[in-house]
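J.: Quick one: this structure, given as structure tokens, is what I'll be asking you about.
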Ligand SMILES: Cc1cc2nc3c(=O)[nH]c(=O)nc-3n(C[C@H](O)[C@H](O)[C@H](O)COP(=O)(O)O)c2cc1C
């Protein structure tokens, strides 16, 4: 199947909310939660997407004519692209009956590994979600990043103990998840954590630890102080707080604040290899992509993931070649024009 055939097939099985649009930009789904939309007025998802589109790339083809190398080192694992599938959870609630979380993660984690990239997995109110994700990561030789929600300490420690057995390359926490409408007033409780609390959690994890949901330089400094090995500049795809800036808008100041002291990933509205190029030009080390991987899994299973990874790679290589760079490290702000 090609990319468009996979999209078409996804339209037949993604539940009542996701339309598997030609461009996944938050317009058709608006504020549908449950569903793939964004919170409140539903505009943060659209803003995330739009702000990447407003950045232009600077063409310069007077350079050596050799292939562009998109390979990326993710905490010691060599990936063919600086791209991870973002954690997405509560599949049945948001995308209908085709996959539950266990089946989705099982498919996604191995398909990403086989496609030369890596998947993050989501956490759920049901303990079986994390257990299933860890099984999938273990079967994929640790190629995956389990993402635990900011529950109470006992629950987090129990999940991190389980995670050790799966030996994932890194672990993450979506520290912003307390804003999710369906987690409000839930047991176990999920909520904010202090730097000290995070430091204890990160030490306990004994793995490179990524804090997902950082939107300010101050937040990035606190993540550093807590001992994080990386952050994801993310507003959870607009699902946790309405009226946030786009991630592309806040990324440059966060990059400056971090000054190379930890890895920076970014997500929200990144759809193509050209968007990946722009994110790297703004100073990110790599990106996460959420909703489009869901569409690819629903429409094409493992083949969908491979087709999308191939598409991202060829678009990224094309952008690199047309902008006169041959490795990811050479991508800088000189290759983009910001409004
Ligand atoms: C339906 C849905 C479920 C999600 N579930 C999780 C989750 O369990 N954990 C998490 O960290 N992020 C979750 N996210 C957020 C994504 O990981 C990601 O941050 C977001 O989708 C932004 O990227 P996108 O615009 O590429 O989708 C979810 C997003 C969606 C749309």
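Indices start at 1 and increase along the chain as displayed.
Cβ from N, Cα, C; glycine included.
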J.: So TrEMBL lists 234, 236, 267, 268, 269, 270, 271, 290, 291 for FMN; which of 207, 212, 311, 329 goes with them?
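T.: Answer per TrEMBL: 212.
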J.: Which residues, sitting 6 or more apart from residue 270 (FMN binding site) on the same chain, put a CB under 8 Å from its CB?
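T.: Within the chain, residue 270 (FMN binding site) has Cβ neighbours under 8 Å at 52, 276, 279, 287, 288, 289.
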J.: Over all pairs within 212, 234, 236, 267, 268, 269, 270, 271, 290, 291, the annotated FMN binders, what is the largest Cα to Cα distance, rounded to whole Å?
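T.: Output for FMN binders 212, 234, 236, 267, 268, 269, 270, 271, 290, 291: max Cα distance 19 Å.
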J.: Going by DSSP, is residue 239 (glyoxylate binding site) sitting in a helix, a strand, or coil?
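T.: DSSP assigns residue 239 (glyoxylate binding site) to coil.
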J.: Take every residue in the domain 'FMN hydroxy acid dehydrogenase' (37-339), average their pLDDT values, and give the whole-number result.
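T.: PLDDT averaged over the stretch: 96.
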J.: About how far apart, in whole Å, are the alpha carbons (Cα) of residue 268 (FMN binding site) and residue 239 (glyoxylate binding site)?
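T.: Answer for this pair: 10 Å between alpha carbons.
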J.: How long is the line from the C-alpha of residue 239 (glyoxylate binding site) to the C-alpha of residue 212 (FMN binding site), rounded to the nearest angstrom?
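T.: Rounded to the nearest whole number, the Cα-Cα distance is 13 Å.
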J.: If you count Cβ atoms within 10 Å of each one, which of the binding-site residues 268, 290 comes out on top?
T.: 268
